[in-house]
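To start, the structure itself, in structure tokens.
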Amino acid sequence: MSKSLPYSVKDVNYDNAKFRHRSPLKVLSQSMLTLSTKRNYASCSTGKFLILILIFGIACLLLMSKGPNDSTINEKGKVTFVGGLRLGKLLRKPPRLPPRLSPDEGQLRGNGSNSDPKWAARQQSVKDAFDYAWSGYRKYAMGYDELMPISQRGVDGLGGLGATVVDALDTAMIMGHDNIVSEAGAWVEAHLLERISQKDQVNLFETTIRVLGGLLSAYHLSGGDQSTVNMTHNGPKPDVYLNVAKDLADRLLSAFKSSPTSVPYSDVILRDSTAHPAPGGMSSTAEVASVQLEFNYLSAISGDPKYSTEAMKVLAHIKTLPKTEGLVPIYISPQSGEFVGENIRLGSRGDSYYEYLIKVWLQQGGKLNSNFTYLHDMYTEAMKGVRHLLVRKSIPKGLVFVGELPYGSKGEFSPKMDHLVCFLPGTLALGATKGLTKEKALAENLLSFEDLENLKLAEDLAKACFEMYEVTATGLAPEIAYFHTQDYNEDGLEGGNKSSMYAKDIIIHQADRHNLLRPETVESLFVLYRITKDTKYRDQGWQIFEAFEKYTKVKTGGYTSLDDVTEVPPRRRDKMETFFLGETLKYLYLLFGDDSVIPLDKFVFNTEAHPLPIKHT
């Protein structure tokens, strides 16, 4: 620990006292008492005589000075005082400066700095967890998409592009894990281009958000795009990431060009740059509408508009389609360009469509008079629809949750809420303040009534998301929860934590009790903490992290998903998803850290937590 600087609380008190208001008489008397020669003057008759003359002169000045009533107004409307010189001008107060803090105290408070030793230690714990997860992956699965930590082997479930390497790369940069940046960067430089040229089928959405997004974020954070961020000097030069990203994106563009409409196909054959629809012919609405952040940024840094042009056609097309109070079905046809079915939800296949509406608008500068205003309008309408059609309260304790409309707005409401829906509190808060703190947005009069409504809903939903963790025996959330309402209840399906006050509000079916190390709740806790500064979100994030450490850590390396969060010890699955390193641990690290690291008014996170810079004009 560094030694304390020679600056005490007494010094602080003195500095603070210097800037308190003092009367003119007190100024004079204190000045006279502190004159370096006062002792010599006061000890002789001459000095006493001079002091009397000084007091007499001051009295004369006071008598000669005029008040405001002794003024005249000239022809230009300015007030001019007549008579003598005003004493107030001679004894004008110094400017009011803020109280000074000692260097130690200033460092502890900081401007959003992570100076509290408790949170610094907890952030280090997350960094250590990331190192442990990576070490297991490196030991047993390097170059594979994902680690199976119990089997101690790798598996390719995302096309064989080393998805964990690329997904984890910018997390390592943000955490300052230079050795991991070197390892991951070296692998990308040596292997990824060759992999891309040889691989068969990949999913457009998953490859874009994980691999393309990871490459683009690594490019920016390593100093590309004339960035001043440069979080690392390790690994390859930024252009290596950019060149690989362009090669991959060029092949992914076939999904757009092969389709007869503006809606892209879902599957791409990388080695020959061809594409085809998914089995059944439908694409997910969320998937086709959640590639725009990445393709927009690639156009910006490459100078080639083709990426942005193709991706933005999708959102412009969806703008023209009929909606239900801004809400859309979860399937869309590349063949007809129309929505298919009536299923409306903010869980799987629907979620990130709503997220990208507001984030793409923010990425492009967040102005209401731009070519992208329609995105903000679509988002605003959709959130009104969410509040009107999908938001309900559970009983008996009144948790606010978001349900589903499996058969459209005229069908029956389902009180089912995927863990994936827990992205929504963060998105609502971000959309309300545009990344500013709530305090600053209020001070600058930037929040409309609707913004405040959305911010309140964000906090209410975040509570429900956290209680999905709190209600289980392990302290980890299930993949899906149902909520007890007047129209729906099932007994005997509690989460296992009988001490939870919401034990009767949340229902967990047997098939939904698994946990995949998902990030959505900690993502929203991070955004809400940054915006509201309420430390409860940090406390909740730490509680979730401790549960991950206790129940998902594998002794031989890495972390595993669970089969049942309602029993202890939980049955364990055998998979460490890429997003545990790319998202979950990243958001926890940022939650416990300094607000100046990846500020929300300068970056947007893609739906895989890869930060991309906001365009400022």
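Backbone N, Cα and C atoms are what each Cβ position is placed from, and that goes for glycine too.
So that you can see what the record holds, here are the features copied from TrEMBL:
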- 41-64: transmembrane segment (TRANSMEM)
- 92-120: region 'Disordered' (REGION)
- 110-120: compositional bias 'Polar residues' (COMPBIAS)
- E206: active site, proton donor (ACT_SITE)
- D351: active site (ACT_SITE)
- C422-C465: disulfide bond (DISULFID)
- E479: active site, proton donor (ACT_SITE)
- E520: active site (ACT_SITE)
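Look at the Cβ of each of the active-site residues E206, D351 and count the other Cβ atoms within 10 Å; the largest number goes with D351. Taking the C-alpha atom of E206 (active site, proton donor) as reference, the shortest distance to any of the recorded positions C422, C465, E520 belongs to E520.
Non-local neighbourhood of C465 (disulfide bond): H419, V421, C422, P425, A477, E520, T521, S524, each in the same chain, at least six residues away, with C-beta under 8 Å from its C-beta.
Under a cutoff of 8 A between CB atoms, and with a sequence separation of 6+ in the same chain, the neighbours of E479 (active site, proton donor) are D418, H419, D512, R513, H514, N515, L516, R518.
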